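Notes follow the structure.
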Amino acid sequence: MATKQTEPVTIISLRKLRLETPETQPKESKTFTVEDAVETIGFGRFHIALFLIMGSTGVVEAMEIMLIAVVSPVIRCEWQLENWQVALVTTMVFFGYMIFSILFGLLADRYGRWKILLISFLWGAYFSLLTSFSPSYVWFVFLRTMVGCGVSGHAQGLIIKTEFLPTKYRGYMLPLSQVFWLAGSLLIISLASVVIPTIGWRWLIRIASIPGIILILAFKFIPESARFSVSTGNTQAALATLQRIARINRSVMPEGKLVEPILEKRGRFADLLGAKYLRTTLQIWVIWVGISFAYYGVILASAELLERDLVCGSRSGSESESGVAVTLPDTEENHSPCHCHVFAPSDYRTMIISTVGEIALNPFNILGINFLGRRLSLSITMGCTALFFLLLNICTSSSGLTGFLFMLRALVAANFNTIYIYTAEVYPTMIRALGMGTGGSLCRIGAMVAPFTSQVLMSASFLGALCLFSSVCVVCAISAFTLPIETKGRALQQIK
């Protein structure tokens, strides 16, 4: 009887246990972000091609900007221009740059980096060619202003590079882009030394337009930023881009499904000046303005020192390097109140040597950025820039002047390297292009003031101009040191 009573109970208990056993849940599917994919794929052949093609945008930009410095003495003579008229050419170029930097930044955050980069190159090449046919000074100023508008969009190339590079490579590869700016600067100075004395400045402008036209053809090998694609909800395009990069690099994609939040609101000034980024943005703007003022001040001051022989306070351009007086032809042009003195071969050599300085500190700049951090590295180089501006006032030989200019070009180039990297890293994808655009736009205020400081104030008060440059650099050094966010080793942010 006892056995018959226990068996049903046992059966009921087993059934109860079976009913209460939870069903096996399917495994959750794996997901990954663009940041995960970029880090997993790693650095490879695609990034080398990206570095060469997008880096070459710096060659084109440098040639267009440096063109003014080498052409200014010639157009001053041809159209008998006053100091302020020569300075106005550079100022208007940067005015166009300033206005369109913001516009291109807004458009790039909404419609894509690649499209804006292509449009800016087409625009710049077209108006650069037209400049060579300028019938008058007014037309020259207008057309170079249009070139400045186009060149402002070249910053999208840096953003594309930044958004595709793995975190640990950004601090090394982005500063190396300075090599391309150096190549463009050296190329335009070398061309000017040969072309201007033989076939004239108009042919120099036409020849300088060729690299930009060639580069347009190479853009088809570079895809749209995957970070931008996912931010607009186009996950399939981003996935296809990442898979293509993985194939080129002979690497693998992370397992799972690509997911990213869709950013409905992109490229808004309200986000740029929101509570989280307000202080950072304002300090970055101060640094951009100061760095640009110093950088273009050095370039234009170099040309002015050579053209006018302002070393040690001398205002005389009537003596050659050997100290022998040179009698200028008794022509109407030389009786003009406008200063007219074209560059000699030795002047071009000095410009080339000082320009090479732009890469001289690159290894130290890379070490500083990666080990000291972006903020401390920038504050140190800005402080040194302030010091070397004051050293220009020391009465020295021609080789001494070349040495000071060499170091100044090295320091101001390092400053630009660091602020470009910092600005591209500190903002999230939704406002990255706008952040770069506004920084690049406002820095043109410094570039617009620089010609009047280097080409007008320097003629009136050499020490006064140097003190102004030095003071601005000190302010920037303090601003850099007190930036609230350090981006060294920090992953790029997708949303704020």
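From the backbone N, Cα and C atoms, a Cβ is placed for every residue, glycine too.
What TrEMBL records for 50-488 is domain 'Major facilitator superfamily (MFS) profile'.
Long-range contacts of the transmembrane segment (48-74) within the same chain: residues 86, 89-90, 93, 117, 121, 124, 128, 144, 147, 151, 154, 157-158, 160-161, 164, 173, 176-185, 187-189, 192, 196, 200-201, 204-205, 208, 211-212, 215, 218-219, 221-222, 248, 296, 299-300, 302-303, 307, 340-343, 351, each at least 6 residues beyond the stretch ends and with a Cβ under 8 Å from a Cβ of the stretch. The feature transmembrane segment is assigned by TrEMBL to 48-74 (among others).
Sequence-remote contacts of a segment are chain residues at least 6 beyond its ends whose Cβ falls under 8 Å from one of its Cβ atoms, and for the transmembrane segment (86-108) they are 65, 68, 72, 75-76, 115-116, 120, 140-142, 144-153, 155-156, 159, 267, 296, 300, 433-438, 440-442, 444-445, 447-452, 454-456. Positions annotated as transmembrane segment by TrEMBL: 86-108 (among others).
Panel annotation: around the transmembrane segment (179-196), residues 55-63, 66-67, 70-71, 74, 203-204, 207-208, 211, 342-343, 345, 348, 351-352, 355-356, 358-359, 362, 413 of the same chain, lying at least six beyond its termini, place a Cβ under 8 Å from a Cβ of the stretch. The transmembrane segment feature in TrEMBL is assigned to 179-196 (among others).
The feature transmembrane segment is assigned by TrEMBL to 282-306 (among others).
Annotated transmembrane segment per TrEMBL: 460-483 (among others), in sequence order. If you look at the transmembrane segment (460-483), the same-chain residues 6 or more away from its ends with a CB under 8 A from one of its CBs are 280, 283-284, 286-287, 290-291, 293-294, 297, 301, 310, 313, 374-376, 378-380, 382-383, 385-387, 389-390, 392-393, 415, 422, 446, 453-454.
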Report task. Within the domain 'Major facilitator superfamily (MFS) profile' (50-488) only, compute the mean pLDDT. Result -> 82
